[in-house]
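Working notes for the structure below.
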Amino acid sequence: MSHNLRSAYPDPGHVTYRLLRWFGKPILALRFAGHIVYWPGDSDINYTSPWAGAAWKPNFFLNNAKNVDKFERISFETFWALLQTPDTGLMSATIYDYMDKKPESDRDIWYRDFVPKYRVLPPKKLPPGVEFGLSYTTITIHGPKYIRWLLKQFTIAGGKTKKVRLSHINESFDDDVDIVVNCTGINSRKFGGVQDDTVFPTRGQTVVVWAPHIKTLYYRSDTDHSSYVIPREDGEVILGGTFDENNLNERPDSKTAESIIHRCVELCPELTLGGTNALKIISHNVGRQPTRIGGIRLEIETRKNAKGKNVIICHNYGHHSYGYSSSWGSCLKAFELIEAAIANERRNERCTKL
């Protein structure tokens, strides 16, 4: 496995630049979510991105998530290409991924041929109760820092931003809008004109601690929990976690926090040498992941604005816990769908003129 991974689209400005030039004029970019806009720096529970761990951690449940393996591979390659870029909040790290049950097939470990330093852990290296384990090099993501960096790339490329409140997706159609990308996440369930009742919240609770000596990522999945220790590049470490479907509690639960800390210290004893009371806790966080029955909705819809002009809508939401891991791949797919929709619109225009 070569460590010199290269993505087909390693430059995030590439996609942004193409988006801005499609019609030979700037396209107004709106990020909207239900009745309120969330933006890098905001901290609403329904704005999932700042609360995530986060790390590139592939998924085994691909039967319920079409194309996620392709999306995650593209995302890994792009993150890898961005590692040396300043201010991204990205960091490479070894992950120890423990499972109480071995995957049914090697095909479930679909990423084994491209992640660096992949190996199956010998039984003597596994914690008690763990049947199977892997290690490889992955990428951790400082969510708040990374999304600020993304927004900066958009504006550097000439993108314009506007923060507005919307109650219906059609309110994003004005005379100059040709394309709307709908990334409303959990709010797509109630957002007017979308109202997707297959979307529901999955509550995740984490504990952020100060532990700059931790440079390794640990993950353990069992019947009842998923426990993880995710270091950030600035010395913070995210401890988790929970995946509680349709739990609307916005406040951190103290008993849940105690359970998270206990499980994570058991998973990574070097977190603290003075017991759990010696942990330097920065914050307790709660976020809602946008889970969708059937997986990601990534498709094109065309509607007309008030003047009868066609507006292309690309829906891109429902990423559950793999939002970061699949982000660049789903972005590229959205880009391809929009390009095809534009080409179709132009063909129709030519046919109309004949």
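Every residue gets a Cβ built from N, Cα and C, even glycine.
Annotated in TrEMBL:
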type: BINDING; residues: Thr48, Ser49, Thr184; note: FAD binding site
type: BINDING; residues: Tyr228; note: D-serine binding site
type: DOMAIN; residues: 112-330; note: domain 'FAD dependent oxidoreductase'
Just to verify a number: CA distance, the residue listed as 'D-serine binding site' to Thr184 (FAD binding site), in angstrom, no decimals.
27
Just to be sure I understand the packing, how many Cβ atoms besides its own are within 10 Å of the Cβ of Tyr228 (D-serine binding site)?
25
Ten-angstrom check, please: count other Cβ atoms within 10 Å of the Cβ of Thr184 (FAD binding site), all chains counted.
25
Across the domain 'FAD dependent oxidoreductase' (112-330), what does the mean pLDDT come to, as a whole number?
90
